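One structure is given here, and the rest of the page talks about it.
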Amino acid sequence: MSLLNHRLARPGAYTVLLVIAWFVPYSVGSYEMHILDTALVYAVLAVGQGLVMGIAGQINLAQVAFLGVGAYTTAILTTHNHLGFWAAAVLAVLASALIGLIVGLPALRVQSHYLGIVTLGLSLAFLNWVTNASIAGSGSGIPGIPVPPLGSVDLSSDYLYYYLELVVFTLGLAFGLFVVRTRLGRRLRAMRDDSLAAGSLGASIPVLRMTSFLLAGVYGGVAGVLYAGLIRFVAPETFSTSNMFLLLAMVVIGGRQSLWGCVVGALVLSIVQNELTDLSTYSQLGYGSVVVLMVVFLPTGLAGVPSQLLRLRRHSTGGTSLTLGQFQPYDAAATTSAGEGVLLDLDGVTMRFKGLTALDQVSLTVHEGEIRGIVGPNGSGKTTLFNVISGLYHASGGTVRFGGTRIVGMRPNRLAHLGMARTFQNLRLFRNLTVREHLLTALDRTPTRWAWRYVLWPFGVQHGEKFLRAEAEQLLDRFGLAPFADAIPYSLPYGIQRRVELARAMSAHPRLLLLDEPAAGLNGAEKAQLAEIVGSIRDSGTTVVIIEHDMSLVMSLCGRVTVLAAGQVIADGLPTEVAANPQVIEAYLGRAAQNTPTVEDEPAALGSEEHA
Amino acid sequence: MHTTRSSRTTLAVSSVVLCLAAAAACSAPSDKSNSSSGGDSSAPIKIAVVDAQSGENSALGAWEYKGAKLAVDQWNAKGGIDGRKIQLHLFDDKGDPTTGTNIASKLASQGYAAMIGTAESGVTVAMEPTLQSAQIPNITSGQSPQIIASKDPFVFLNGPTSTTYDATLAKYVIDTKGLKKVAMITNNGSYGKGEHDAFLAELKKRGLSPTTDQVVTTNQIDFSAALTTIKKTNPQVVFIGSEEVEAGLIVKQARSLGITAPFAGAAPQGTPVYISTAGAAHAEGTIVSSPYLNNEATAQSKSFAAAYQAAYKQTAELHGAKAYDGTSIVLTALKNSHVATGKKLADAIRATNYQGLLGNFSFDATGVGIFATKIGIVKSGQLAAAS
Amino acid sequence: MQVFLQTLVGGLSLGAVYALVALGFALVYRTMGLVNFAHADVLMIGAYVASTFTMSEHLPFAVAVVAAMVITGLIGLVIERMLRPLEGKDFDLMLIGTIGFGIVLEALATLIWGATGRAVPSPVDTPPLHLLGASIPTYDLVVVGVAIVAMIALTLFLERTRRGIAMQAVAMDYDAASAAGINVGRSNAIAFSIGAGLAALAGALVGPLLYVSPSMGGSIGIDGFAAAILGGFGSIPGAVIGGVVIGLLSSFSAGHFHGYSDLVTFLVFAVLVMIRPTGLFGERTVSRA
């Protein structure tokens, strides 16, 4: 497939699919039509589940309850309050969006299986409410929901209802895909892969988590309205745990990280389930087994099949070359601001963990335009120091000033917006994002709450995307990463991964760059390139603080060096002064034996993971 | 994933939508298969059984299918109706209303003459609109007031309503036995709520109120709080409105808490599942209002039970008997009307007077055909007629 | 007062059941770092197997329980072997995989034993004890006793035996443990089959209290899982305390809110988890950050 063809292939394929979908009713019987109608409800629901679980990584087991909120609200408002169907529909979507936010609240505190059980519990609470409340039919459900009126179109026909669903579904899927492929989706996926790193790039994790649950609630509500209009009866049994697990199976089988996969999974499983209605226990056995086999052998689901095949083919044809391009130095800043003002100022910073003092009264001043080295034996508190500065840890005592602002207690994403960026000792790259997407995520400096623009002004989002992409291309070229732009970093050699992380941190052109052992695992040539890059970064006006074990690199690069031992600053000065300091020599000799090998070991251990 | 491409996609897709919308306005699709039966006068007559065969209510579904199948097999053995064989198809609704509507569409499009089931009111109500517009008569085992309230001419009940069950029960317990201190424990499900309302209405009619009115959930395990409260009010009898298993657990726990008063309830409290869950000793003395007390009641029920035993190697029980009656009524109506379908078949069912296992069926406008139950008492693990 | 005492007794017996379920969750999590959503379905299989042995084969209750534990232990080995490629890698995928296994086990039970379910007679049928006006069924005391013994035995196993300590090392750092020469695969297989055996123990004990059917795992599993989380996931005493808390919470909310008790129970649970995400005793593995 050539690049030119690819550009046209996608809209073409969409059009063909839509035309097929449009003419399906002309060739099916009324039973098949009804099955397709219910399958489409599940497809809309599955898009929501895909967004919250597959894209944002939130284990949400309340999606079927969102469907229930939408359907029940429509039913109650139309039959009890005698509201028109469409007015009820709007309120129903708002209600399930609100419930989505409420169910999402625990995600601010807990994740993973904790979130799973809490959301499952809340959906049981909902089920309990509709079973009891007389307004919800006291367990017998609510019959007599009116047919949605639509001009002269009679929506009581399953055939015509299909078109309503098709339009809503197409819009829903298109919006979902739009979200996934633009800045909000990249941030959500970045959060899913590594919330710490995503936060350090400026994304507000709480806002993102709530946004994902809001989306899940909206899709659930829309599906619920469609359900109410189609079945025109709601009862508690529809929103049971076993249907939640069925939805989960749909999303996993289809491929949770791809919205198309979720849709395919929902359609296929709905239809197969109904075809096997005489053999339902066997079909239960079947889809349970398929879920198990899928998670073990095909974790990306059906949606992952094409890319897996592609990868196999690429393997057999030898693949692309894997050499880094040349770094193109930054233009030197107009005014070299070396030594002018204080950029980072730590005063008496102390960090205690349950009886262990990791940092003890650390004071440190970094001037603008400096390259500061932080050295010290393992366990001396260097990374803890970075975590305090970058907001991952809340210091137990002391003050940190960044550009004159007190920053203790600020979240990493706020600090990122103030102009701070960092890399991590053990490479926190996003497992399922391409190199280009890494840079696009990092380039996006808009506050996370700007996600409302997706609803009110999607064209603005689309427009901004153009600029981001242009910037990303520049950055890819500058860091010599253009040949790997569409590769997943973890499939690349270690040196390139390091380069990606550096490029990601430099995306927003920060005032202060914190580098945590950037040379670990690099070979001699790569280290030389690193020194050149860091130098250029400083010349461009970014102040650099660097933790490094490679003393020759520190000596050649850093203007000043601070030495930590057992959480305290034991020396601070020019590299040559520090190297001659007897206290420093003692601190190092005492531990030197254990130090060096661990530094070398780490990349090897990480390397073994990439074959997974 | 270029920006321009996405916007182009949006444009292309939306223009296609507009074109297609315009196209559809001209000719709307509809069902052209038109397979409603009746035309072919030698093909088998298709009857559907729709019930949960998996999930929590599958026991009911299994019993109903056995009862319905027994009736069909007996008629087929006698040569069918007007020389046509009867085909019985089983559909699993999983107790899920959505699946129910899918099955309803299937029945409508595949020319089924009538439908037996379901045992879950929610599923029956969900299926009703589709079945009504397809004019397929439906003999349901549900007894929710909603089914009756709909006045759907195609829906018939194969048993009495909660009102009939509880009127008979109240008459016996309160009027005959003079037990006026009645405590109530019901669950909040569709069945339990129906029983709760029906029995409470009977008490009110007599100017009584329950000593306590305890509501539990359908999946509750520990009933200490509700039962201790009941015990404190020292009732003469405890009305129980809950399905077999939960009722059994309630009675078992009640006995261990020292509640000695007898329990009284409707059909579920006469079943072997209830008695074995509670333990035969604990269930002893339970007063049951049921149209089908045991297999020994009449000559008709004896021969039904024998045939059931021969076919399935199991003892017949109420739900099988209900389905057997319902199916027999449909088959009789088919015979009387010379295999009519749709509205005519529904009318034929309404016109059928049928002497069944449960009693005399004669349907009224709401689809209820039987208005009497009998009172039974659980004695040494068996339900026997009250003397 | 009588209502209060009796509700307390009911809640405590229910708590013992949840505690037994939670112990299995906790053990597997502590030793493998895996959340096993199929646990309650293994429990259901255990209940069926044990009741089959006592009712059809007329084996003594204790023998039937042991036999059920052996059989579910084997099922545990199969599940562990299937999911082994994911161990130490993708946590959420494993969780979904166990949900898949739960669905499979439920379908299998329906095929083998039918959907109807069965009532199981209580192996201990002596009259209840009376204390301050509250009555305590003797069988409930057996369940409470077994829960306490299981808690002590598991604690001793994990803290005092070499194998137990090695197993915990696996959950804390998969790579380091295998580098240190621990046979990670075998350690996990053993942990998982012990967890499955515990499920059978719980199932066999719960059977006579409830009704054995293919779908019995559902609500017991969710409440047991909630108990494990409340106590601090992976903590053995925490599982027992969590079980008691959930048991009391359900019983008292049933007493006060009647039909709405589930709503109240799960809302309170959600709030408790938000206030103290690591539970009463704190999570017993290293954070996965």
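Here the Cβ of each residue, glycine as well, is placed from N, Cα and C on the backbone.
TrEMBL has this to say about the protein:
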type	residues	note
DOMAIN	A:344-591	domain 'ABC transporter'
TRANSMEM	A:12-28	transmembrane segment
TRANSMEM	A:34-52	transmembrane segment
TRANSMEM	A:59-77	transmembrane segment
TRANSMEM	A:83-108	transmembrane segment
TRANSMEM	A:115-139	transmembrane segment
TRANSMEM	A:159-179	transmembrane segment
TRANSMEM	A:214-234	transmembrane segment
TRANSMEM	A:246-272	transmembrane segment
TRANSMEM	A:284-305	transmembrane segment
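Across A:12-28, A:83-108, A:246-272, stretch A:83-108 shows the highest tally of CB pairs under 8 A with the transmembrane segment (A:115-139). Just going by CB pairs under 8 A, the stretch in A:34-52, A:59-77, A:159-179, A:246-272 that sits most against the transmembrane segment (A:12-28) is A:159-179. Here the transmembrane segment (A:34-52) has Cβ contacts under 8 Å with residues 24, 28, 58, 60, 63-64, 66-67, 158, 161-162, 165-166, 168-169, 172-173, 176, 179-180, 188, 212-213, 215-220, 222-223, 226-227, 230-231, 247-248, 250-251, 254, 256-259, 261-263, 265-267, 270-271, 274 of the same chain, all six or more residues outside its ends. Between the transmembrane segment (A:246-272) and the stretches A:83-108, A:159-179, A:214-234, the greatest number of Cβ pairs separated by less than 8 Å involves A:159-179. Under 8 Å from some Cβ of the transmembrane segment (A:214-234) lie the Cβ atoms of residues 37-38, 40-42, 44-45, 47-49, 51-52, 60, 63-75, 78, 85, 89, 92-101, 103-104, 137, 141-148, 155, 158, 161, 164-165, 168, 172, 176, 179, all in the same chain and six or more residues away from its ends. The average pLDDT the prediction assigns to the domain 'ABC transporter' (A:344-591) is 88.
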